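Participant: One structure coming up, written as structure tokens, with questions to follow.
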């Protein structure tokens, strides 16, 4: 009942502070502590008993007692009365309700009576820790109290969290240790186009009824000799010869040349490309390639170029919007919840998140409009071609092509637009210690846009919102190698090691 | 562009759909349509489906309507027709066509080649009509009529000055949109359609009280108000505490505003905790007391053996309750009422709510300013008011269900906020009210019989559009119900089109259900004999309103408690924004739901047949010797 009072904003404030009184906490029967289960290849690092977890608003109980464990994969809290099922949230196959993968830890705060101090990931603490707040990239928040636990064990476990949540190199992630790795030749994968091989791209040309006299498969990058960011196989206008690509590639940021990603039987095509390097004034190489793209159109129409840099949020702005949204969705106290509640809609608006979602959808609709009603080829152009390009290109195809709205199709779309066309997941998900660039939730932005489409067209998709949630959850679960890398080159290199 | 089944094209209906059409639509007569507008301008999916079935039967009989021919209901007559009128659509631009006024509706059909646009509006929804432009007005479409509606839209028609059609249209519109101001009858009294179901028998007060187990040791049914002379805004039959005397009832009636004494709304079948309702006590500045009233309240408290406490929930903000003392009203003092705890629920009055809806309409119609949509929505306070009402009802439910304590609810007169609160609390407590017929009973009981002043709050057939008595109290209730259905999608037998249909006919004046202020007036005007009930219409096509997710078995939660937080409360776009094509759901999901329901029905039937077959085989096997 306690929580009902808070949620329903009752006047007579029955709200008690999160910090329960010691007397109350001692009443919890301890029973036999249960330990976390380990996966194949998962290693135990540290644990501590007698930890209190203050559960979030809306759960049937306000705190639970149990064991906190850190492994090389997860942070695990197992309540001593675990049998009591808590089904409030969608559960993962690999993680119990109060477990999270270490990669999803975003920030850690030390909470004492009056202060809340941020602890730096990767650094040690030596002072006594009373309470810890762990904020996750997937919007979850955990609040632990240690006052009943063994002090040394607490210090060890806090340092273990701080150290292992921010690995310095990719190979330190659990995916490299996981023994039960899914084999990619597995049957499960046989219906998904991974777009790693020539055959997948040829199939895609056939499926879209694209004329293979106008567009061809290019293998010039088979050993990543011209670009580390492009896949080994990609599609270019048939009139473009390999040597032209070799000549032009250096002019483009990240060596990201214009590539074909989708088309129509009228040979209108959807093209993705990066901007020219800022040091390059002479646009000749870009114009040459655009001219070839124009010639591959049935009516030789000038392509529509959509600039996804101008007017769009920068990575920093997108991340800051997300953090605001996360704070709004996860008030840290009942008091804050109440304060926010009456202003919820204007607070939501001020995060700008929905504005960005709407902007993406609007641009995708425009792109779809050019491709169909105006029968014109669309070129998406963006700085290095690997962030907003992924969002808008996927959305345009979801809007126009029902194939991508099936489960297998959606997976293939992600494989094509995000994985092989190299969205920088390592960097944007912040999987390893910050120095390697800014984290920003572009993939979440795309999933949100897809969810919006699902709301407007409830019968058009084979999958449900649960599927989208699962996808987002799995981006931070470093069991899978799908969302680990910045590019195909990185993945290939990792495989060889 | 054919090859891609993109969102930009309309998808065709499946074969299952066409089978459906033939089965369920074919039989009905064309006249049955209520709102047969084209799908480009329409909102109420149910009426769109009805229109489709009409067009279909028209096509089948080799007959199609000319622009000046219009579908009429039984009892409906054409009063005025004007050619060469232009409808100024805020979304698709002007359309030229024929405008017809009947004694029930305004009907416009375009004669343009591209698309057959139809605007079909019952005149009951009209709140104000204004002439735009004069004889000297220049410019295209500057001269005409603007119609302001109660259902979140306005309509503009342009006339040609030289045709002189505007005067006659305006006059007839005024006459039939505001029949009471023109000494005419409301359309419901001319309407003569017969339905297989009779909605007037849906609610029988005594049967409903018996359903809840009254009479019992503690409560009795009384007919003391049979002639409506104790309280003219209460029904003829109520339930009161068993041990109260008739003269005490009269004394209490004198102490409660407009004689609205505490009567039973609902009783918990196990704990016997009750929800009772009344109006404010006439305490006044002097702090008057009434011993009979105190005793009466303690009888209500004693009727529940589980608790020695009781809650008096005053729906108003504290300041308003205090201010009412100056007008002779006020609230109970906890000193006089032993063991009673007084709680103010902070819900604002009808004027605040009317203003809030006015702002909401400004925000939603005709066009939406996207960049400030959410903060604009917040500044209307509409959702905050909805939240307050829901939170109040949740508190009542919490006391009754979790603390087994009886709750008495009142506001000032006990016919607006009180009706919202008791009806919502009952809906959360009792799954019966979440069925289609149970919901109809709930409206008949808590709203109609206990005297929510529909005539005053809606202003049926009356041209005083700025009347301060008008207020969207019932609309708020339906909105709250919708909010609960969003949080508990499996708990309701009805879908949102049922709620929209109720709201559409709240204004339409086609049915007698929402006419007049009190049961007494309805009896006097012989509403049951002379008009058709809305429930006759809905219950005769009940399949249209079923929720495919309804889970009507033992797994269902008895009590549902929604979260009254703005994080969960949403704008009901399907209702408030339905005239704007860009705000609608883009898929024909309603059609799909109907298909799924039909499929489920077929499968259930198949299972039944298989079972029977298996059983007969078994019995044969048993009967014949081995």
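Keep in mind that glycine also has a Cβ here, set from the backbone N, Cα and C atoms.
Here's the feature list from TrEMBL:
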type: ACT_SITE; residues: B:411; note: active site, phosphocysteine intermediate
type: BINDING; residues: B:324, B:325, B:326, B:327, B:349, B:350, B:411, B:412, B:413, B:414, B:415, B:416, B:417; note: substrate binding site
type: COMPBIAS; residues: B:8-18; note: compositional bias 'Polar residues'
type: COMPBIAS; residues: B:28-40; note: compositional bias 'Low complexity'
type: DOMAIN; residues: B:199-576; note: domain 'Myotubularin phosphatase'
type: REGION; residues: B:1-40; note: region 'Disordered'
Participant: What's the longest C-alpha separation between any two of B:324, B:325, B:326, B:327, B:349, B:350, B:411, B:412, B:413, B:414, B:415, B:416, B:417, the listed substrate-binding residues, in angstrom?
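Facilitator: Between the outermost Cα atoms of B:324, B:325, B:326, B:327, B:349, B:350, B:411, B:412, B:413, B:414, B:415, B:416, B:417, the distance is 21 Å.
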Participant: Hey, how far is residue B:326 (substrate binding site) from residue B:411 (active site, phosphocysteine intermediate), Cα to Cα, in Å?
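Facilitator: Residue B:326 (substrate binding site) to residue B:411 (active site, phosphocysteine intermediate), Cα-Cα distance: 16 Å.
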Participant: Between the recorded positions B:326, B:411, whose Cβ has more other Cβ atoms within 10 Å than any of the rest?
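Facilitator: Compared across B:326, B:411, the most Cβ atoms within 10 Å surround B:411.
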Participant: So if I draw a 10 Å sphere around the Cβ of residue B:324 (substrate binding site), how many other Cβ atoms end up inside it?
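Facilitator: For residue B:324 (substrate binding site), the 10 Å Cβ neighbour count is 21.
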Participant: Let me know the model's mean pLDDT on the domain 'Myotubularin phosphatase' (B:199-576).
Facilitator: 96
Participant: The residue listed as 'active site, phosphocysteine intermediate': which of the binding-site residues B:324, B:349, B:417 is the nearest Cα neighbour?
Facilitator: B:417
Participant: Measure from the Cβ of residue B:349 (substrate binding site) and count the other Cβ atoms within 10 Å, all protein chains considered.
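Facilitator: Looking across every protein chain shown, the total is 17.
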Participant: In three-state terms from DSSP, label residue B:413 (substrate binding site) for me.
Facilitator: coil
Participant: Please report the DSSP secondary structure of residue B:324 (substrate binding site), reduced to three states.
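Facilitator: Helix, per DSSP.
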Participant: Across all the protein chains here, work out how many other Cβ atoms are within 10 Å of the Cβ of residue B:417 (substrate binding site).
Facilitator: 28
Participant: Among the binding-site residues listed here, B:413, B:415, which has the most company in the form of other Cβ atoms within 10 Å of its Cβ?
Facilitator: B:415
